[in-house]
Amino acid sequence: MLATDSDPIVAIATAAGRGGIGVVRVSFGRGGEAAALPLIDALCGQKLAPRHASYVPFLDAHGAPLDRGIALYFPAPHSYTGEHVLELQGHGGPIVMQLLLQRCLDAGRGFGLRLAEPGEFTRRAFLNDKLDLAQAEAVADLIEASTEAAARSAGRSLDGAFSRQIHALVDDVITLRMLVEATLDFPEEEIDFLEAADARGKLAKIRAQLAHVLGDARQGALLREGLSVVLAGQPNVGKSSLLNALAGAELAIVTPIAGTTRDKVAQTIQVEGIPLHIIDTAGLRETEDEVERIGIARTWSEIERADVVLHLLDSRTGMTADDETIAARFPAGVPVVRVLNKTDLTGVPACVEHPAAEGDLTEVHLSAKRGDGIDMLRAELLRIAGWQAGAEGVYLARERHLIALRAAQEHLAQAANHAEQRAQSLDLFAEELRLAQEQLNAITGEFTSDDLLGVIFSRFCIGK
């Protein structure tokens, strides 16, 4: 534990700016009650009943009111951080909040009260076993949620839904490890612990449950991160019109002049709660215009980073030689949807096709101008993302969670291989189970480095 993890800390816990209510939060750390009671007396001029709202004046150093509001005192361990906590709820003007914050710092100087760092209150909650690491991350995810579905999923993670799944997996792995260790420790016994307890069957069940958890986590990661979708193609094929159609607003300038879009135009839209980060880019062509060439270079950079590329074509011409050249440069591994736009000029009905000669490629015929086929394109993007309609019960997950789950999955797969060669590989079987358990524990913080904690909590807002 870092030395600063026990310092008394204070911060404004509400967003910057003006509001009806502002909150200053103090967590007393090692100071405990000996620090809390004198500060309460100095600020409020009276004792506070624990866990009761008291309407009091907030006093300056001379005993004059700075403000009046609600004071709440939570003795340890029954508080957000698990420490003695004081919350002062006053009027939410920035000057009033700064005066109240400075008054706390001045009154608490004797016991080392300092400004909190970003995420430090939630870090204290984690260190004091009020939250595990997945729940602590869910606090930030709930604050940052950009869709209702993401907010609900973050709430489920904060309530411990994700953590309970991980703890159940860890318990099952530990039980299986005990069987393996027993067989290793008593090789001369007639009892075959692995056979008697159906160790292989237990491992198969753990792997199936892990696959289910990983599937839900992928859905949650989609809700949190969304999908980066790049519109690419030659000039004047309707990329900007498609962006406007997907967004339902006139975001990009649309003209019949080739090269109108010279830099990217980005917009995030929601489809079934999934954030789709749509990026309109400069038309891809050979040009002598230096500004346009810079825009085209940026287009290729965006394509390299994309989750999905929408390759737009003019449905009147179909796939031209120039389009073939563009398609050949698309990075391997990035899904591409071929979008044939302007069907309003050809009379071709909006549809989704899977050309037999094109492998996994999908073609969507649509009219961005009229809106025909836009819903089909949205559905195709969700399909590529792997979103399952009605997956409301998922919990929000982060990339580090997915990495740990995949690593645990690989260790369990290796354990299954060793189980088939029991006589030669029992030690390796046990080791793979241990490594899988370690990966799962890292998700909830049972086994986590201080460096990782620093990165996670530094991304929180101050006062949380």
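For all residues, glycine too, the Cβ spot is worked out from N, Cα and C.
Database features (Swiss-Prot):
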type	residues	note
BINDING	Arg25, Glu87, Lys130, Lys464	(6S)-5-formyl-5,6,7,8-tetrahydrofolate binding site
DOMAIN	226-386	domain 'TrmE-type G'
BINDING	236-241, 255-261, 280-283	GTP binding site
BINDING	Asn236, Thr255, Ile257, Thr260	K(+) binding site
BINDING	Ser240, Thr261	Mg(2+) binding site
Worksheet entry | Coarse DSSP state, helix versus strand versus coil, of Asn236 (GTP binding site) | coil
Discussion item. Please give me the CB contact count at 10 A for Ala282 (GTP binding site), counting all chains in the structure.
Written reply: 27
Response to the item:
Whole-Å Cα distance, Lys239 (GTP binding site) to Arg25 ((6S)-5-formyl-5,6,7,8-tetrahydrofolate binding site), is 49
Item to complete: Round to a whole number and give the Cα-to-Cα distance in Å for the pair Asn236 (GTP binding site) and Glu87 ((6S)-5-formyl-5,6,7,8-tetrahydrofolate binding site).
Response: 58
Worksheet item: How many other Cβ atoms are found within 10 Å of the Cβ atom of Arg25 ((6S)-5-formyl-5,6,7,8-tetrahydrofolate binding site), counting all protein chains shown?
Response: 25
Discussion item. Please report the distance from the Cα of Lys130 ((6S)-5-formyl-5,6,7,8-tetrahydrofolate binding site) to the Cα of Ser240 (Mg(2+) binding site), rounded to the nearest angstrom.
Written reply: 49
Practice prompt. Work out the three-state DSSP category of Arg25 ((6S)-5-formyl-5,6,7,8-tetrahydrofolate binding site).
Written response: strand
Worksheet item: What is the interatomic distance between the Cα atoms of Ser240 (Mg(2+) binding site) and Ala282 (GTP binding site), given in whole Å?
Response: 9
Discussion item. Within a 10 Å radius of its Cβ, which of these binding-site residues (Asn236, Ser240) has the fewest neighbouring Cβ atoms?
Written reply: Asn236
Worksheet item: How many whole Å apart are the CA atoms of Arg25 ((6S)-5-formyl-5,6,7,8-tetrahydrofolate binding site) and Ala282 (GTP binding site)?
Response: 49
Practice prompt. Determine the mean pLDDT over the domain 'TrmE-type G' (226-386), rounding to the nearest whole number.
Written response: 84
Fill in: Spatial neighbours of Glu87 ((6S)-5-formyl-5,6,7,8-tetrahydrofolate binding site) that are distant in sequence (at least 6 apart) but have CB under 8 A
Ala13, Val23, Val24, Arg25, Val26, Ala71, Leu72, Phe74
Worksheet entry | Among Lys130, Lys239, which are binding-site residues, the residue with the most C-beta atoms within 10 angstroms of its C-beta | Lys239
